[in-house]
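Right, one structure below, let's go through it.
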Amino acid sequence: MDAAAVISLFILGSVLVTCSILLSSFSSRLGIPILVIFLAIGMLAGIDGIGGIPFDNYPFAYMVSNLALAVILLDGGMRTQASSFRVALWPALSLATVGVLITSALTGMMAAWLFKLDMIEGLLIGAIVGSTDAAAVFSLLGGKGLNERVGSTLEIESGSNDPMAVFLTITLIEMIQQHQTGLSWMFAVHIIQQFGLGIAIGLGGGYLLLQMINRIVLPAGLYPLLALSGGIMIFAVTTTLDGSGILAVYLCGFLLGNRPIRNRHGILQNFDGLAWLAQIAMFLVLGLLVTPSDLLPIAIPALLLSMWMIFIARPLSVFAGLLPFRGFNLRERVFISWVGLRGAVPIILAVFPMMAGLDNARLFFNVAFFVVLVSLLLQGTSLSWAAKKAKVVVPPISWPISRVGLDIHPENPWEQFVYQLGADKWCIGAALRDLHMPPETRIAALFRNNALLHPTGSTRLREGDILCVIGREHDLPALGKMFSQSPPVALDQRFFGDFILDAEARFADVAQIYGLDGGEEFREHQQSLGEVVQQLLGAAPVVGDQVEFAGMVWTVAEKENDHVLKVGVRVAEDEAE
C-alpha cells in the first residue's frame with residue numbers, strides 16, 4: 001500500500017467517523033437508536049450505497065469488532081455497581097444460559113423451516129442470533145431510569161450470555177464440517193470451560209491489573225492506557241485458551257470499577273470516549289460488510305423469523321429462565337422479554353461460517369444482519385414507551401452536570417459534584433443554612449455570573465447559580481432530590497404515594513393510624529414496616545417495588561443494600577386512576 005492510499009484511507013475513516021458523530025444528534029429527535037445511524041452510514045458508504053466502497057475483508061472485520069467489543073465491555077463492567085450483582089446475578093446467569101439455549105433452539109427450528117435448511121443449519125442461525133448484545137443494551141438502556149432489578153438483569157445478561165452463543169456457534173460449525181448429527185459429552189465440558197476460564201481469568205487478571213495500577217506511579221494520562229491494554233490482554237489470553245474473552249473482560253472491568261483504584265475518574269472519562277469510538281468503528285465496519293441488495297430476496301422469511309424470535313422465542317426463554325425467581329412480577333418479565341436487543345455480536349458470530357467456508361455462509365450472515373436491523377428498529381425505538389407501559393421506570397433524580405474525583409489516594413472516595421440551578425429548581429430563593437445537606441457533604445464553592453462568591457449561611461440561591469459540592473457517590477440520590485425540579489415531591493407523590501414513611505416505623509402503629517384491616521400476624525410480632533414489605537416482596541428489594549396489602553399500595557422509596565429505608569403509601573384505588 002503506497003503513501004497516497006494510506007492518506008486516502010485516513011481521510012475516508014475520519015469522514016465516516018465525523019459523519020457518524022454529527023448525525024448522532026438526530027437519534028433522539030427521530031426516535032431511532034444511535035447504533036442504527038452508525039450502521040446506516042456504513043451501509044451508505046458500502047458497495048450498494050453512495051460511497052460504492054467494496055469491502056469483504058471478514059478477518060479484518062472480525063478483528064475490529066472483537067477489539068471494539070473488548071473496549072465496550074471493559075467500560076460497561078467498570079460502570080456496573082456491585083449492588084447490581086447482589087440483586088440480579090443469578091436471574092441474569094439463568095437467562096444467559098438456559099435463556100440462550102431456548103431462544104437458539106426455537107429460533108433455529110423456525111429458521112430451518114422458513115429457509116428450507118437442514119435442522120443443524122437452522123440451529124446454527126438460531127445460535128448466531130441467540131444472545132443479546134452488550135453494546136446495544138448499554139447504549140440504549142442508559143438514562144432510561146429503569147428499576148435496579150430490571151436494569152441490572154438486562155445489563156449482566158448481555159455481558160454474560162455471549163459465551164453460550166459463541167460456543168453453540170463454533171460447535172455447530174464443526175458438526176456441519178464433520179457431517180455430525182449428534183452431540184457428545186464434550187458439549188458440556190466446553191460450556192464449563194468457556195464460563196470457567198472467563199470467570200477465573202477475568203477476576204484473576206483484573207485483580208493483578210488493579211494491583212499494578214495502584215502500586216505503580218505514572219503520569220495521570222497513562223493510567224487509562226494501562227487499564228485498557230491490560231483489559232485487552234485479558235480478553236486475548238482468555239480467548240486463546242478457549243475461554244470466553246467477552247465474559248473475562250467484562251468481569252475485569254467490574255472488578256476495577258468496584259475496588260479503590262488510582263485515577264478512577266480519569267480512567268472512566270477516557271473510557272467513555274473510547275467506548276463511543278469503538279461503537280462507531282464496529283458498526284461502520286459491519287455496515288460496510290453487508291450488501292443491502294442481498295437482503296431483498298430473504299426479506300420476507302427473515303422478517304418472519306425476527307417476529308418469531310421477538311414475540312415467541314425470547315418471551316418463552318425469559319419466562320422459563322426466570323421461573324425460579326419470584327421477585328420478578330409479570331410486568332417486569334414482559335419488559336425483559338421485550339428487551340432482547342440484538343446488535344454487533346450476532347453479526348460477528350455470522351462471520352464465523354464465512355471464515356469456515358460453509359456452503360450457506362452468506363445466507364447465515366444476511367439473515368443475522370436482517371434480524372439485528374429489525375431488533376434495533378422495532379425494540380430499540382420502542383424501549384422508552386415499553387418501560388413506561390410496564391411501569392418499570394422509577395422517578396429520576398437530578399444528576400450533577402460534572403463530576404470530578406479528588407484522587408488524592410486510591411482509597412479516597414471523595415468527589416466534587418457541580419450543579420447548575422435552573423428556574424425550575426425548588427431550592428431557588430432558599431438560604432444555604434436551610435438546605436438539608438447529607439451528612440459529611442460540603443458546599444465548596446458558589447459561582448454567580450461567572451464570579452466566585454464567599455457565601456454565608458444567609459446567602460440565598462438564585463437562578464443560574466453554580467454549586468460545587470464535596471461528597472461521595474452514595475450522596476448523589478439525596479443531593480439529586482435537593483436540587484430537583486419544583487415542587488420537590490410532586491413526582492414522588494405520583495409514583496410513591498401521598499406519604500413516604502420511615503421503614504423503621506412499627507406496622508401496628510401505621511395500621512392504627514390509617515385504620516387498616518388485616519396483617520394481624522405482623523402486628524403480633526411487632527414487625528417494622530420495612531420488614532413487612534420485604535417479607536411480602538419475597539426478594540431483595542429495589543426502589544420502585546410495589547406490593548398491595550391491606551387495601552393500600554406500599555412502594556419501596558429508598559433502600560440501602562438489601563434493607564428498606566423509606567416506604568411510600570397510597571390507597572389501592574389510586575392504581576386505577
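From the backbone N, Cα and C atoms, a Cβ is placed for every residue, glycine too.
Some features that Swiss-Prot has for this protein:
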DOMAIN    403-485  domain 'RCK C-terminal'
TRANSMEM  3-23  transmembrane segment
TRANSMEM  30-50  transmembrane segment
TRANSMEM  58-78  transmembrane segment
TRANSMEM  95-115  transmembrane segment
TRANSMEM  122-142  transmembrane segment
TRANSMEM  185-205  transmembrane segment
TRANSMEM  216-236  transmembrane segment
TRANSMEM  237-257  transmembrane segment
TRANSMEM  280-300  transmembrane segment
TRANSMEM  303-323  transmembrane segment
TRANSMEM  334-354  transmembrane segment
TRANSMEM  363-383  transmembrane segment
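Between the transmembrane segment (3-23) and the transmembrane segment (280-300) there are 3 or more Cβ pairs closer than 8 Å, counting only residues 6 or more apart in sequence, so the two stretches are in contact. Fewer than three CB pairs closer than 8 A are found between the transmembrane segment (216-236) and the transmembrane segment (280-300), and contact between the two stretches is not assigned (pairs 6 or more residues apart). Contact counts against the transmembrane segment (237-257), taken as Cβ pairs under 8 Å, peak for 58-78 among the stretches 58-78, 95-115, 122-142, 280-300, 303-323. With Cβ pairs under 8 Å as the measure, the transmembrane segment (363-383) is packed most heavily against 334-354, out of 30-50, 58-78, 185-205, 280-300, 334-354. Highlighted: of the candidate stretches 30-50, 58-78, 95-115, 280-300, 58-78 has the greatest count of Cβ pairs under 8 Å to the transmembrane segment (334-354).
For the domain 'RCK C-terminal' (403-485), DSSP puts the residue distribution at 13 helix, 29 strand, 41 coil.
Note on the transmembrane segment (95-115): residues 121-127, 129-131, 153, 156-157, 160-161, 163-165, 168, 191, 298, 301, 304-305, 308-309, 312-314, 316-318, 320-322, 336, 340, 363, 367 of its chain, located 6 or more positions outside it, place their CB under 8 angstroms from a CB of the stretch.
Looking only at the domain 'RCK C-terminal' (403-485), the predicted model's pLDDT averages out at 84.
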